[in-house]
Amino acid sequence: MATIGKDISKAKTLLEQGQLVGIPTETVYGLAGNALNPDAVAMIFATKNRPDFDPLILHTSAMERVHDFVNEIPFPLDLLASKFWPGPLTLLLPKKEIVPDLVTSGLDTVAVRVPSHSLTNELLSELAFPLAAPSANPFGYISPTKASHVNDQLGNKIAYILDGGDCEVGLESTIVGLEEGEVTVYRLGGLDLNAIREVVGEVKVMTHSSSNPKSPGMLKSHYSPTKPFILGKLEDLVLEYSTKGIPFAILSFHQKFSSLDQSKQIQLSRTKDLNEAAKNLFAAMRALDTMDVSVILSELLPEEGLGRAINDRLRRAAVQ
């Protein structure tokens, strides 16, 4: 199994040797490898069982270093970079030839971000190369927000996990690019749409793609537990599955059913705080997935702020 620790120099050495390391970010934990080493990148796809048509995100330590890997940060994406980096924002930018085609799935754009987690940012600043780092979980499963989540699922496939504690945001980064000159959101995430609009005005939001996605995180089915995940009005779902005699667990925004088994219910935020709900989402889904039940029942959150991104994850988890 992988070793878990806070040794940046050990993580650096392993990455320089072409090995993979689990790393913390403010969004979710990443499965990191040298983004300029095609063998390391291929190992990421193989370890996750990720299809090679789903591009990866390149991580580096500062906006200044992004220019080593992209031809430009065009207006008004440069405004977003200046405002929100380091942070949960990924930009889709025209790539330089130094970036292997495997990272971008053959596209002429590369997804880039500057994470804000202090441990990983320190690691990145000491490396001579950027890191490709999709979420550190088997492809399609729930993203990890704790080092233990990574160890549970990939600990037998990687040597080291850098432990940065629980992820502060808990949702993947928001991915933004230009589509025919229009600012376009390819994936909803930890940076709220309203914050983006305050900088660049109205934006276009792309729908999911089942094949040939233009950016990471665009596949329709994703973030899924192993058990069936059912979305709807919780009162109706509880009545239906109770009547059928099918054992279930409940993932709610803030509601708790006092007449039901309390140990099989998780509230994302008792105070209806969307930021708290986002931070708790994936850990809650994982916990429910380990319970002795047949299905997980859940509900959509308010379509505002981070609620939009949370609902995006819930809807995709429910795709069978």
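Using N, Cα and C of the backbone, Cβ positions are placed for all residues, glycine too.
Quick caveat, the model's predicted, so the values are computed rather than measured.
Copied over from TrEMBL:
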{"type": "DOMAIN", "residues": "5-191", "note": "domain 'YrdC-like'"}
{"type": "BINDING", "residues": "T27, R113, A133, S173", "note": "L-threonine binding site"}
{"type": "BINDING", "residues": "R50, H59, T109, S135, S143, R187, Y223", "note": "ATP binding site"}
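Structural mapping of features recorded in TrEMBL.
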residue : record                   : CB count, 10 Å
T27     : L-threonine binding site : 30
R50     : ATP binding site         : 19
H59     : ATP binding site         : 26
T109    : ATP binding site         : 19
R113    : L-threonine binding site : 26
A133    : L-threonine binding site : 27
S135    : ATP binding site         : 28
S143    : ATP binding site         : 25
S173    : L-threonine binding site : 27
Y223    : ATP binding site         : 27
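Close to A133 (L-threonine binding site), meaning Cα to Cα within 10 A, are the following binding-site residues out of R50, H59, T109, S143, R187, Y223: H59.
Around R187 (ATP binding site), a 10 Å sphere centred on its CB holds 24 further CB atoms from the protein chains shown.
Across the domain 'YrdC-like' (5-191), mean pLDDT in this model comes to 97. Distance noted between the C-alpha atoms of R113 (L-threonine binding site) and H59 (ATP binding site) is 5 Å. Note: the Cα of S173 (L-threonine binding site) and the Cα of S143 (ATP binding site) are spaced 12 Å from each other. Using a 10 Å Cα-Cα cut-off around T27 (L-threonine binding site), the binding-site residues R50, H59, T109, R187, Y223 reduce to an empty set. Residues T27, R113, A133, S173, recorded as binding L-threonine, reach a greatest CA to CA spacing of 12 Å.
Of the chain residues outside the L-threonine site list T27, R113, A133, S173, T25, V28, G30, I57, H59, P88, T90, P115, E172 have their Cβ within 8 Å of the site's Cβ mean position.
Residues R50, H59, T109, S135, S143, R187, Y223, recorded as contacting ATP, have a largest CA-CA distance of 24 Å. DSSP gives R113 (L-threonine binding site) a strand state. In the three-state DSSP classification, A133 (L-threonine binding site) falls within coil. In the three-state DSSP reading, R187 (ATP binding site) counts as strand.
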